[in-house]
């Protein structure tokens with residue numbers, strides 16, 4: 001029985017081959033076995049088992065709520081969850097329990113999904129490694145995969161030390177690790193500059209960022225309001241489409257959402273004729289820092305489309321070189337504004353100093369935020385100073401418009417989707433990653449992803465192949481605004497062609513028969 005994917009296990013639930021409670025217990029067992037990955041901040045075991053019990057009753061009465069009924073999911077810990085601690089991996093919100101659910105969380109629960117827990121991240125989602133939160137870094141499950149370990153044994157220079165584990169990417173690294181390690185079937189991340197697509201690429205997953213306005217941001221603790229989008233992490237494109245179908249649509253609590261332009265239930269059509277496609281390759285994305293392996297796979301992917309009759313065009317996004325600086329100015333400016341709400345008065349951390357209101361503010365924020373968050377607040381406030389506003393913030397907004405217009409012009413030239421790298425290279429060891437400061441790392445890691453957020457476009461990272469080290473490499477497809485369905489349809493066709501191998505974690509889950517030997521089969525046994 002194929003139960004690696006959400007749709008497969010959903011069919012198994014409908015046929016009575018497994019019950020929601022059995023499925024929930026299996027995932028809880030895997031969460032405990034993989035606790036050392038540090039993927040979860042909070043495991044909501046009692047809540048999940050109660051939800052499974054309710055789901056089981058619905059199945060017995062023939063009243064299933066749909067494909068997500070009884071499906072274990074995880075949620076990044078910057079989405080509000082009623083009655084469940086929501087920390088943003090920060091001392092500022094440690095112990096904070098929201099009184100309501102984020103709209104996306106509520107929509108998943110309304111369709112019967114089981115909430116396994118809240119996942120780890122960089123503090124307030126500011127980072128690209130999931131290494132800077134107060135609960136410690138997230139470890140990439142591929143660090144412990146058979147594929148990676150066998151390659152390391154072949155390398156005479158490899159120390160093969162347990163301390164040499166790999167980062168997941170970020171900031172949604174906990175959600176990526178949770179899905180990659182089979183502890184859930186889908187997870188919510190947030191994507192402000194690539195925070196869902198980046199860890200998806202490093203963890204061998206599908207990471208989807210919807211068009212801005214297609215999915216509600218209500219209850220997602222804001223980082224950059226004009227760029228934040230709830231993201232979806234799954235093990236295949238069809239599963240991402242199912243989750244998107246549950247989430248998409250207008251929300252009266254979020255004025256930036258638009259009328260739902262997709263049909264429901266959201267099932268992807270087959271790509272009937274690849275030869276009618278036009279794939280754009282942005283020439284500015286071919287940069288010296290791009291690893292030779294990623295460059296080679298990018299080229300092979302373009303050749304694959306061409307060999308099937310698709311038209312492959314080189315396109316220009318001329319303002320790409322300005323995008324990182326522009327993103328930094330706009331991001332930190334909105335961060336400075338958003339972080340002002342954490343003052344120690346209404347909720348969250350409050351220091352013990354009571355000399356004056358100003359002293360209390362300062363001490364609360366010094367104790368509550370880490371260096372990265374404080375640094376971005378300082379940068380943003382500098383850009384927003386009266387004497388700097390025109391020269392920095394206003395100019396950055398103008399450049400943002402030029403960047404968005406670059407994409408419009410590319411699509412108006414006849415291109416259907418753009419094909420780019422997602423990251424510069426495969427995942428790197430933690431000890432190597434932390435040699436650079438957070439700002440430098442983020443600037444490097446977001447280079448192919450953040451422009452999409454400034455333009456509000458949909459984008460998806462698809463795992464393509466394993467590197468020479470046995471680690472996942474992903475490529476990114478970018479679509480026209482609100483053409484999410486077309487984008488995912490192309491991505492699914494590509495996914496079928498490349499046949500990305502399943503992670504093999506037998507040593508982690510030897511008694512669960514977790515992943516079968518055949519790399520090209522997508523078959524996992526849930527029943528012992």
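Every residue gets a Cβ built from N, Cα and C, even glycine.
Heads up, TrEMBL stuff is auto-annotated, nobody curated it.
Per TrEMBL, the feature active site, charge relay system maps to 76 (among others).
TrEMBL lists 171 (among others) with the feature active site, charge relay system. Its Cβ placed at the centre, residue 171 (active site, charge relay system) has 38 other Cβ atoms within 10 Å.
Under the heading active site, acyl-ester intermediate, TrEMBL lists 195. Neighbour density for residue 195 (active site, acyl-ester intermediate): within 10 A of its CB lie 39 other CB atoms from the protein chains shown.
The domain 'Amidase' annotation in TrEMBL covers 25-488.
The region 'Disordered' feature in TrEMBL is assigned to 147-166.
Annotation source TrEMBL lists signal peptide at 1-16.
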Using C-alpha atoms only, work out the spacing between residue 195 (active site, acyl-ester intermediate) and residue 171 (active site, charge relay system) and round it to an integer in Å. 5
Using the alpha carbons only, what distance in Å do you get between residue 76 (active site, charge relay system) and residue 171 (active site, charge relay system) once rounded? 9
